[in-house]
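Engineer: First the structure, which I've put down as structure tokens, then a few questions once you've had a look.
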């Protein structure tokens, strides 16, 4: 028991800064939406449309780079800190390649926007402008993530917290300047949000780079600086570890995007209720997500130390902590669902719909916590391919089809509307949680030599 309590304290020390960093990053999008909405409804809608293209593309790139965290954690735990600098440099090469490809995809996003907004040329023009401004922040964002993954892999989560919070604070005045055209800048409206956010990503990257160049605890890593040229063996390994993570993120993001489109014909009340419930549950999701990041670090570090038993304790502690948090957030959501919905909208019909869906959200929070922390555990074991297969089956083979049948057909029960899709979320996330735990148990029963060999790849 003492081992679990000690591990829980270490996990908490890592997870709390990650929570603050994640909230800061999420809040930047909220700030963009609110400030664009204060300028005009069209600009707010343009930011929302542009973000719907931006988010899947940038999260895919982000997912590819997440492989660096367990790699650094394992090297740090095994005492091979002299090799970390080389892995980070290769991640910069990977980030540069991803940046170019992501920018090209986002630039072509205007075709999707024109299809989505064919009845409103003004909205389409503003959304395209926002996206084209924001795409220049892609390299800054991805380079920042490389440095953040390096710090987190070394069990230092405070730099990401502090710089993420600074980024949120400076995003507000820069937004104001470019939206309203202050201090000699052009008045860009919603497009100004894209300019501001892209600028903030570069500022965050420069601050993180300055920090990593000055931090005393990184001095020994800075001393080992191999030639700055691509190592295709390392690049291939990082890409191979990161691709399943990126695809899993893409599956999740596109699942919610597809459901939003399927709910759209069901009317304003259903759409508004769905969005309120989804927005709030996404905020609650930050807690287990952050525990999952911390669990990746702890499992990777323990495996680097050569301790399979301690890695198992770290994994179990992370999952138990996530379940405990999920129970608290589920109770909170259940008891306060109506007051929370009223914060978003005063329409009684919208509040009633949102409250109903938030009750379903409370049901799946435990499954959601187990699956996202399970993902973190598997990343720590460098078993990322299973993450890809599990998320694909859970979300697209089980979750979405069952949700569609329940929501829009009479095949199983009379049409449930949006609640049917949320029942599909419950089915998909529960299936993912069960498969994650099953896979983790399978890995942990393997011979120690095999587990450590996989971790050392």
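In case you wondered, yes, glycine gets a Cβ from its N, Cα and C as well.
The transmembrane segment annotation in Swiss-Prot covers 11-31, 53-73, 93-113, 127-147, 159-179, 190-210, 249-269, 276-296, 313-333, 357-377, 387-407, 417-437.
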Engineer: Might you confirm whether the transmembrane segment (53-73) is in contact with the transmembrane segment (127-147), defined here as three or more C-beta pairs under 8 A between residues 6 or more apart in sequence?
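Structural biologist: Contact criterion met.
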Engineer: The transmembrane segment (159-179) vs the transmembrane segment (249-269): three or more C-beta pairs under 8 Å (separation of 6 or more)?
Structural biologist: no
Engineer: What else in the chain is close to the transmembrane segment (249-269), if you only count residues 6 or more beyond its ends and a Cβ gap under 8 Å?
Structural biologist: 52, 55-56, 59-60, 62-63, 275, 278, 347, 349-350, 353, 391-392, 395-396, 399-400, 403-404, 407-408, 417-418, 421, 424, 428
Engineer: Go through the chain and flag residues at least 6 beyond the ends of the transmembrane segment (417-437) whose CB is under 8 A from any CB in it; none is fine as an answer.
Structural biologist: 255, 259, 262-263, 266, 270, 273-274, 277, 319, 353, 356-357, 360-361, 363-364, 366-368, 370-371, 374-375, 377-378, 390-391, 393-395, 398-408
Engineer: Same chain only, please: residues at least 6 beyond the ends of the transmembrane segment (276-296) with a C-beta under 8 Å from a C-beta of the stretch. Say none if there are none.
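Structural biologist: Residues packing against the transmembrane segment (276-296) from afar: 11-12, 14-16, 18-19, 22-23, 26, 69-70, 73, 152, 157, 256, 260, 314-315, 317-319, 321-322, 325-326, 329, 333, 340-341, 344-345, 350, 354, 357-358, 360-361, 365, 368-369, 372-377, 379-380, 422.
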Engineer: Any chance the transmembrane segment (53-73) and the transmembrane segment (93-113) are in contact, meaning at least three CB pairs closer than 8 A with a sequence separation of 6+?
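Structural biologist: They are in contact.
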Engineer: Sequence-remote contacts (6 or more beyond its ends) of the transmembrane segment (387-407), Cβ cut-off under 8 Å?
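Structural biologist: Tertiary neighbours of the transmembrane segment (387-407) are 243-245, 247-248, 251-252, 255, 258-259, 262, 371, 375, 378-379, 413, 415-425, 427-429, 431-432, 435-436, 439.
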Engineer: Which stretch from 93-113, 190-210, 313-333, 357-377 shares the most C-beta pairs under 8 Å with the transmembrane segment (11-31)?
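Structural biologist: Ranked by Cβ pairs under 8 Å, first place goes to 313-333.
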